Amino acid sequence: MLYLYLAVGGFCGAVGRYFLASFINRLWPGSFPLATWIINLGGCLAMGFILTYTLERLVMGPELRLGLTTGMLGAFTTFSTFSVETLHLLQGEKIPLALLYLFASLAGGLICMQTGIFLARLPLSSKALSSIITREDGEE
């Protein structure tokens, strides 16, 4: 069953990355690899949030967690594309842009991961909490 979770997550992540990258590249064409940068940072934010939330607050089986993180987010984000795009910038003698991409990706990834962890640990609002613990018939 674990392999099914990984396969479904991987499929969803890869297809999601393809469509989102295509959309971003149509909106903002240019020499800076914005689509990969946005996708990778979004994946770091989601990874920090999902891992923290499912380990600290939400009861979730390890197979589903692995399908969401390793499967979906692993396929959604892409270190290999980041590496190829950085190499193309260097080969095209766009060294300042390549260095910006490297720094923005590494620092941004760490910041987004920590932000996801922070968001997952925010206390639930009293209204949201009361709606969770109040039964359908209105009794607590």
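Cβ from N, Cα, C; glycine included.
Features of the protein shown, as given by Swiss-Prot:
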TRANSMEM  4-24  transmembrane segment
TRANSMEM  32-52  transmembrane segment
TRANSMEM  70-90  transmembrane segment
BINDING   GLY74, THR77  Na(+) binding site
TRANSMEM  99-119  transmembrane segment
Ranked first among 4-24, 32-52, 70-90 for CB pairs under 8 angstroms with the transmembrane segment (99-119): 32-52
DSSP state at THR77 (Na(+) binding site), helix/strand/coil: coil
